[in-house]
């Protein structure tokens, strides 16, 4: 490991925030391993997001009852059916049940990220936590076929929650690798080691390298996801479940999730063998390991005024991530219950999104390279276009309107636009945030990034579940999401990137000085 040289002339130029404890240049093997590990996680994450609502809805319909008459079994063959399932003495709408489970998973993730995020910035814990949670998550994926009866829907929900929590944790620690990988990438080091390089030029180069790595990471992810969906389609076509039996009607999708877990384990092996630890500084000897991360997160929120632009971004991200994540689930459940999508239709919809996401990621990456636009401008364009996807549903609420997600082709078009934007906009957000965060606190702040993401993820599902329970049309859920996109856009417009980078650097310097004082005491 090549350690920081404190006598380096680079430090005297005011660029010490670009240096890491491990300054070993990133190799092609290490970078490719990071890409492939991210792809192995997404191979499990995307099928879970697409198939788990369908699996849950199918199981609940098989054991549920009609909403207006609880003595009549649910008839899911009727387009636009409305059913409930009995939990104890309470009846819950079958669509709302899935969203309530999402709320539980979200709250667990928030507690987890607050408790562990900052610990990973010290020593080798970033990589260790990433592998531990990945092993647990992949194991739960492999256990999905053990849900072999429709009345086991609570066990199915438990597995889904466990996988969701582990996926969130794995992504936190995966993303926290991005800043050190960019700072130690040969393309950036070439400029950093050139004497008298202006800081502005270094920032532009770091932005370019970060965005390039981030975009390629999503290309690997969506390429792997497309391959996975092809295999899922083959499995679903081969596994034909006879109607009226105990086996869940979408058992083929459960086998596909098991396959995702197997691929995730392959990624775990590669990361364990070839991904460097990129360790942080030693854990403060006077700190309490059980409360350290919680105190750090509280301290970070308390110091928000010194990181004004980062926190304005996080407020926008809070609304934005909840909107596009909830949009996927709302669309899938609406397609199945209101438009009568078949298993084949769901598979086509599921395959369409990552294929176009791959194209969109490449398209926006090339657009940024050709125009020289920063990540913020690209993000504003993506956000503005995204808002029109759910807003279109408002036309369907006009009495007698023949359009507004009233037919299958409209939903396929809307899903296509969602796909074009989904990967590209996540890459833009991740790239922009990595520039604003204080150097040396990547895991802590990417944990905050995920806390904001997952902390908002209960808002959309809970409100949508309420809308579905009381509104006459599920299209009202789309309009709520359109409003979220609009609020996010307003906050993103207020972010000043250059000022935010300086705020992050000053905050990081003050934090290091504070820890030195604590150690001395």
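Even glycines carry a Cβ here, placed using N, Cα and C.
Between the stretches 57-74, 75-92, 129-146, 183-200, TrEMBL puts its transmembrane segment entry on 129-146. The feature transmembrane segment, as given by TrEMBL for the ranges 97-117, 286-306, sits at 97-117.
Of the given residue ranges 379-398, 399-418, TrEMBL assigns the label transmembrane segment to 379-398.
TrEMBL assigns the feature transmembrane segment to residues 218-239, out of the candidate ranges 218-239, 438-459. When each of 97-117, 251-272, 379-398 is scored by its Cβ pairs under 8 Å to the transmembrane segment (152-178), the top-ranked stretch turns out to be 97-117. Taking every listed stretch (97-117, 218-239, 310-334, 475-497) in turn, the largest tally of C-beta pairs under 8 A with the transmembrane segment (379-398) is reached by 475-497. Among the stretches 129-146, 218-239, 251-272, 310-334, 475-497, the one making the largest number of Cβ pairs under 8 Å with the transmembrane segment (97-117) is 310-334. Counting same-chain residues at least six beyond the ends of the transmembrane segment (310-334), those with a Cβ under 8 angstroms from any Cβ of the stretch are 49-50, 53-54, 57, 95, 98-99, 102, 304, 346, 349, 353, 383, 386, 389-390, 405, 411, 414-415, 418, 421-422, 425, 429, 432-433, 436-437, 445, 448-449, 452-453, 455-457, 459-461, 464, 474-475, 477-478, 481, 484-485, 487-492, 494-495, 500, 503-504. Across the domain 'Major facilitator superfamily (MFS) profile' (309-521), mean pLDDT in this model comes to 85.
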